[in-house]
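Going by TrEMBL, these are the annotated features:
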- 1-20: signal peptide (SIGNAL)
- 90-275: domain 'Aminopeptidase N-like N-terminal' (DOMAIN)
- His381, His385, Glu404: Zn(2+) binding site (BINDING)
- Tyr467: site 'Transition state stabilizer' (SITE)
- 607-916: domain 'ERAP1-like C-terminal' (DOMAIN)
Amino acid sequence: RWLAGLAVLRGLHLMLLLLGRTVPLSFVHRVTTCCPSSLSRPVFVSSVLIKLRTTTSASYSTVFVSAAGQNTGTMPERRPFVRLPTDVYPVNYGLCLKPDLIDFTFEGKLEALVEVTQATNQIVMNCADIDIITASFAPQGGEEINATGFNYQNEDEKVTLSFPSALQKGSGTLKIDFVGELNDKMKGFYRSKYTTAAGEIRYAAVTQFEATDARRAFPCWDEPAIKATFDITLIVPKDRVALSNMNVIDRKPYPEDENLVEVKFATTPIMSTYLVAFVIGEYDYVESQSSDGVTVRVYTPVGKAEQGKFALEVATKTLPFYNDYFSVPYPLPKIDLIAIADFAAGAMENWGLVTYRQALLIDPKNSCSSSRQWVALVVGHELAHQWFGNLVTMEWWTHLWLNEGFASWIEYLCVDHCFPEYDIWTQFVSADYTRALDLDALDSSHPIEVNVGHPSEVDEIFDAISYSKGASVIRMLHNYIGDEDFRKGMNAYLVKFQHKNASTEDLWDCLEQASGKPIAAVMGSWTKQMGFPIIVVDQEQVSDDRILKISQKKFCASGPHNGEECPNWMVPLSICTSEDPKCTKLKVLLDRPETTITLSGVSPDQWVKINPGTVGFYRIQYSSSMLESLLPGIRDLSLQPVDRLGLQNDLFSLSRAGMISTVEVLKLMEAFVNEPNYTVWSDLSCNLGVLSSLLSHTDFHEEIQEFIRDLFTPIGLELGWDSKPGEGHLDALLRGLVLGKLGKAGHKPTLEEARRRFKDHMEGKQVLPADLRSPVYLTVLKHGDSATLETMLKLHKQADMQEEKNRIERVLGAISAPDLIQKVLNFALSEEVRPQDTVSVIGGVAGSSKHGRKAAWKFVKDNWEELYSRYQGGFLISRLIKTVEHLSMFLFPQSFFESHPAPAAERTVQQCCENILLNAAWLKRDADDIHQYLLQRKAPPV
């Protein structure tokens, strides 16, 4: 979803080549010469949740773009990949690690109980950035055999241990002594910097293993299907907290050093390597027990235990919800949630020890409503994985989408249960559903289910398709099956495959047996082919019957699909009427290109709506008469909020594709003058932001700002600045959204009040409520000077909460003066900003104005080596590229990525190219009409 980049414009092609990397400290002489391998880091996001993953990348492809700008295909050129041999596999890992928090190294001892299935004189394992000192194998009841060589295949991140004689079939113990580096790349076993209350800089040692980075902490069989149990021991400073997946069963002094202790953890259930975790650092915690007896702790920085209470409340509500929903008990005795200072991912679902960014921390006075909601969703997401992913694990990364799509759906179900006042399902449509539709309409999209060979290819599918489209089609499936049968099928799946591995088809089989419906056939059409349909609807009234003519065709962001072979989907259709907009009158499965449906008892004055609840994953194009009849439902609010949102979003998407005029959408937007719903306004705001960026390349950008001011002023006046008795979560979100929109658009009363309140805040007269800080900071910066920026940087430095620092970082780019924009960009790479947050600062600059985008892009180019080295490709690089997607196609330097390839952003590069061309075509097609409309609407009546 953070996808962008530049492919090849006008017939040029871009070859993404392998990049080298620096081999870490070498502690012992390697037996063989080490070839550099390429590394990169991708992302995954779901709505508010942003999850970054770590994998290797070593693929490249040639992308061809026609002169007309259409992507004409990708020819992947994959280097061969072979999974690990099956002649030796682990049963139990006995792992002891001793990290050095001063020199940033670690020593390790592995004693793995293994099974040899056929005689062999070598063992092949995964190993990266680790130096093996000694290795031996002792067959059960036999003599120990020392390995005579360690052959490192760095490019494949493997090591082959050679033995002088064949290891015979049967059980044995593999012993390996090794050393490694506590790296600063936020993957594998790495260091995380923090500052004590006394101002001393210290480091914690933490882990992030998904997808393929357990091999950076210990030699292992690092594939999801090769499960084993783990006995973990950590040797750590006695004044540090040591955590792992299981509970501590022994803690005793370390005989060789009185300053160290040896902490032993209980044996884990059988599990995959990517879910193993350990943390060593200084933390406080709050603790509770769920209603089903599981000990829940939230670990926080020292002195901030109170800020863990909200996450603790969410977790203790969430565990019993999932226990009940799945009818399978949580299998571990405890679960810990911990806030990590330097953490690339939003969160990671390690079994029993879930790691998060410090956004997990909620301060009752200084945290805003959106932060609370983020915590509720992300805790719901990660705890769902404890069953769906951890207890039952995908057999290979091809089925990753099911893990993430499912968790991205059920997190909303859980939050809706725990916090019904959030109206979270309406927010799902804006945050996940429409975002997935936008990405999946591109020619450079991909199917949900992509065959993954080399794990590096996971990079290309950690996006809004896997997460948000995955969640959307599961939501559609749940609606199609019904909750009761869905839960039966889920329970059967979890019981059948617990402690094992499964594929997408295994889940479809269980759901099919529970529901009696053709699940595999229906879902195959959504997961195995990319894209989605546009449902074209016309109607005819015959007596008291409404005859609907319905057809489907592939929806493309560039306009109607004109290919000879148009794909078809099996589309669960629902239909309602104005008689009861919340009640489905008819359900039908559209399994052909077109059909005719008769609705009985529908009078001529009633409207008909397809897809009530906006659950089906498709766009809709109504006939003119049907659309006209639906529009009053927006003004009088008789349409559900989610359907008002869906109608507007469909039309906006059709306008971008050139299927209707953008002017028609602007007219529709003006009908939302009475709109009370936060999420509807949020989606309107997002689409107007897209238009504003598009029109920043014209000389009538101010006119669209005036349109925004006119549209948002009535709701702004109604809400006011201060919360009123009886208001709730959504009112707070709406107030922040509206005031921020008005302030950015230059609404003078909003600007004046924002400046007044900011001055009072800085002088200590009246502290700004947390929900008003972002809109106020944004407004004063957008219309501020160097003194404003200095004040904001001072506020950043003084902030004790990471949430406040992040809030400021995201809006600094709103400053307008070119010299101040440069100052903000330099600040992004300073020590003041945590490495994972640099992108937010640069993104804030790029999203603020046309000049900001140019400056941000130049900054990224000028600092590419440092940025690429820091993030090793992948997600954060992709997101940086994405920030300048609204540059015009003439300003975007196509040669840059030819000389600075980013392998992990391969698909991103294609999508950015496509979006640049789509925006250019959109502007050329509709700019004059938009300008005329914006002028006419302000002209005095004749």
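Placed from the backbone N, Cα and C atoms, the Cβ positions cover glycine too.
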Whole-Å Cα distance, Glu404 (Zn(2+) binding site) to Tyr467 (site 'Transition state stabilizer'), is 5
For the domain 'ERAP1-like C-terminal' (607-916), the averaged pLDDT of the predicted model is 91
Between the C-alpha atoms of His381 (Zn(2+) binding site) and Tyr467 (site 'Transition state stabilizer'), the distance in angstrom, to the nearest integer, is 11
Taking all protein chains shown into account, the Cβ-based neighbour count within 10 Å for His381 (Zn(2+) binding site) is 31
Min neighbour Cβ count (10 Å) across recorded positions Glu404, Tyr467 flags Glu404
